[in-house]
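Trainee: This is the structure I have questions about; it appears just below.
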Number of protein chains: 2
Amino acid sequence: MAEQRIPRATAKRLPIYYRYLNILLDADKTRVSSTELSEAVKVDSATIRRDFSYFGALGKRGYGYDVPKLIEFFKKILNQDQLTNVALVGVGNLGHALLNFNFHQNSNVRISAAFDVNDNIVNTVQSGVPIYPLSEMGKQLRDQQIAIAIITVPENTAQEVTDELAKADVRGILNFTPRRLSVPDSIRVQNVDLTNELQTLIYFIDNYGELLGGNEKSQD
Amino acid sequence: MAEQRIPRATAKRLPIYYRYLNILLDADKTRVSSTELSEAVKVDSATIRRDFSYFGALGKRGYGYDVPKLIEFFKKILNQDQLTNVALVGVGNLGHALLNFNFHQNSNVRISAAFDVNDNIVNTVQSGVPIYPLSEMGKQLRDQQIAIAIITVPENTAQEVTDELAKADVRGILNFTPRRLSVPDSIRVQNVDLTNELQTLIYFIDNYGELLGGNEKSQD
DNA sequence: GCGGTCTTGTTAGCTTAATCACAACGACAA
DNA sequence: TTGTCGTTGTGATTAAGCTAACAAGACCGC
Ligand SMILES: NC(=O)c1ccc[n+]([C@@H]2O[C@H](COP(=O)([O-])OP(=O)(O)OC[C@H]3O[C@@H](n4cnc5c(N)ncnc54)[C@H](O)[C@@H]3O)[C@@H](O)[C@H]2O)c1
Ligand SMILES: NC(=O)c1ccc[n+]([C@@H]2O[C@H](COP(=O)([O-])OP(=O)(O)OC[C@H]3O[C@@H](n4cnc5c(N)ncnc54)[C@H](O)[C@@H]3O)[C@@H](O)[C@H]2O)c1
């Protein structure tokens, strides 16, 4: 049995579906159609059905999808049935906001350790998360079995921090700096470049504006 | 003359190129090849040449690209030759970090007005940016000719804020809330969903890890 | 001026993703 | 039980994007 690999584009949408399904459940809705979902998450209904179908026949024809069933299913797929600890490197402006937020409202992810070079904050606890000096990073990551790190350090130190993370066998990095990181094949990088995001938006508005009619579908 | 429309994927890369070109110039490098650029921004060199070629023949064979010339060119394309004012709605955790950062280090964009409902911060100035009450939003946006807004409000107020922005004829929204916004066709939305980003990263690591060999190219 | 060396610009093929459109099938009412 | 209606799952089609490969052209040392 072929164990089909899920397309990248589909994988990126799974958390969006998962999130909205939980909202439905909170509102005591136990069934949903692809059309209805489409409306809420702004993804074409055919795309949703195709996405779901990669995992088998999850719905019932003439009825739709059973919300609790879908949730249970996606919870496993997305590893949301267990807590994932991640690390934060660089507790400045942005890092502080992320620490405070800490993701645990609607997802089973939390920042369990933070690292910085600033002596004023090192060895304190912020929003319930201990901040360690950089020198302890390797040890802590290994002890706590942390495989994912968020980088919010100044751009010019991003690569060296990354190299340290690689040594500690981190598997994934969420990179908020504008620097494109060099990493070994074993590490996956996800860039979040807010300045880019804004510039791209400006470009689109100035150059694409007039001639996209009602065909505006996926927004990203 | 056909005035070819630039592919969306290319448009998203332009700010990345632009940024790195400026770094090169700061280091007094006046020429660069697609291969060298590729190394730095982690985009295949053929893709870079293709991207550039949409704008005409910008390089010289056997030589490469002239950095100052490229910068001048992209500066216009990306509207970086003039200051773009944007608004920020919701000065909480995340909004505060963005205000402080304010993008003006390496881009010609700045937050020039912020809005909130919290009486404790309304009518103060933070990081040089005035914070107005929500009731003044329409007026300020129009007076300051602001066409782009960043939304960092709690999820449950995101849609109503959006509706207000639409009334003020905003053209683009950078949405940090997990809610997928409903907007008229005239508005472009760019979602930045950090929880999603993390969940997707976790999914990829747990499910794609082993079998992607050295072919790991574009990281996003 | 010339040969060798680089690097572009672009063609062609490939891969991934989105969308249409509808037969198949289950739900539900009578 | 039967017929209608609604919604899925999916083959076929179209669109978008990526990359290998290479001819054409420009540089540079001699
Ligand atoms: N703040 C924003 O809104 C924003 C927006 C877009 C991009 N960014 C990017 O995010 C990154 C962080 O931005 P910021 O505004 O939070 O910066 P910041 O200067 O406020 O914070 C950086 C933190 O990293 C720490 N640090 C420095 N070197 C370190 C090292 N080697 N190891 C560990 N920690 C180290 C500093 O002590 C500081 O606490 C930057 O690369 C910036 O370009 C930030
Ligand atoms: N903080 C993070 O790191 C983070 C990470 C991921 C996603 N987000 C998302 O970003 C959004 C903001 O997060 P936050 O942590 O900054 O929240 P926050 O509660 O700290 O800040 C929200 C701010 O919005 C203001 N506000 C409330 N209603 C408003 C309205 N109708 N108009 C204008 N302002 C209003 C509040 O007064 C407050 O200042 C949330 O949707 C959250 O899900 C935040």
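Going from the start of the chain as shown, residues are counted 1 onward.
Cβ coordinates come from backbone N, Cα and C, glycine included.
So TrEMBL says this about it:
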type: DNA_BIND; residues: B:16-55; note: DNA-binding region
type: BINDING; residues: B:G90, B:V91, B:G92, B:N93, B:L94, B:G95; note: NAD(+) binding site
type: DOMAIN; residues: B:79-180; note: domain 'CoA-binding'
Trainee: Measure from the Cβ of B:G90 (NAD(+) binding site) and count the other Cβ atoms within 10 Å, all protein chains considered.
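Mentor: Around B:G90 (NAD(+) binding site), other Cβ atoms within 10 Å: 25.
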Trainee: Please list, for the DNA-binding region (B:16-55), how many residues fall into helix, strand and coil according to DSSP.
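Mentor: Summed by class, the stretch gives 28 helix, 2 strand, 10 coil.
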Trainee: Long-range same-chain neighbours of B:V91 (NAD(+) binding site), Cβ under 8 Å, sequence gap at least 6?
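Mentor: Listed in sequence order: B:L99, B:A114, B:F115, B:D116, B:N118, B:I121, B:Q126, B:I131, B:T152.
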Trainee: Got a sec? Which of these binding-site residues, B:G92, B:G95, has the most Cβ atoms within 10 Å?
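Mentor: Its Cβ has the most other Cβ atoms within 10 Å: B:G95.
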Trainee: Using Cβ atoms and a cut-off of under 8 Å, determine which of the binding-site residues B:G90, B:V91, B:N93 neighbour chain A, and list them by sequence position, or give 'none'.
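Mentor: Correct list, in sequence order: B:N93.
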Trainee: Grab the pLDDT values for the DNA-binding region (B:16-55) and give me their mean, rounded.
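Mentor: Here the predicted model's pLDDT, averaged over the DNA-binding region (B:16-55), is 96.
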Trainee: Could you work out which of the binding-site residues (B:N93, B:L94) has its C-beta surrounded by the smallest number of other C-beta atoms within 10 A?
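Mentor: If we count Cβ atoms within 10 Å for the binding-site residues B:N93, B:L94, the smallest count is at B:N93.
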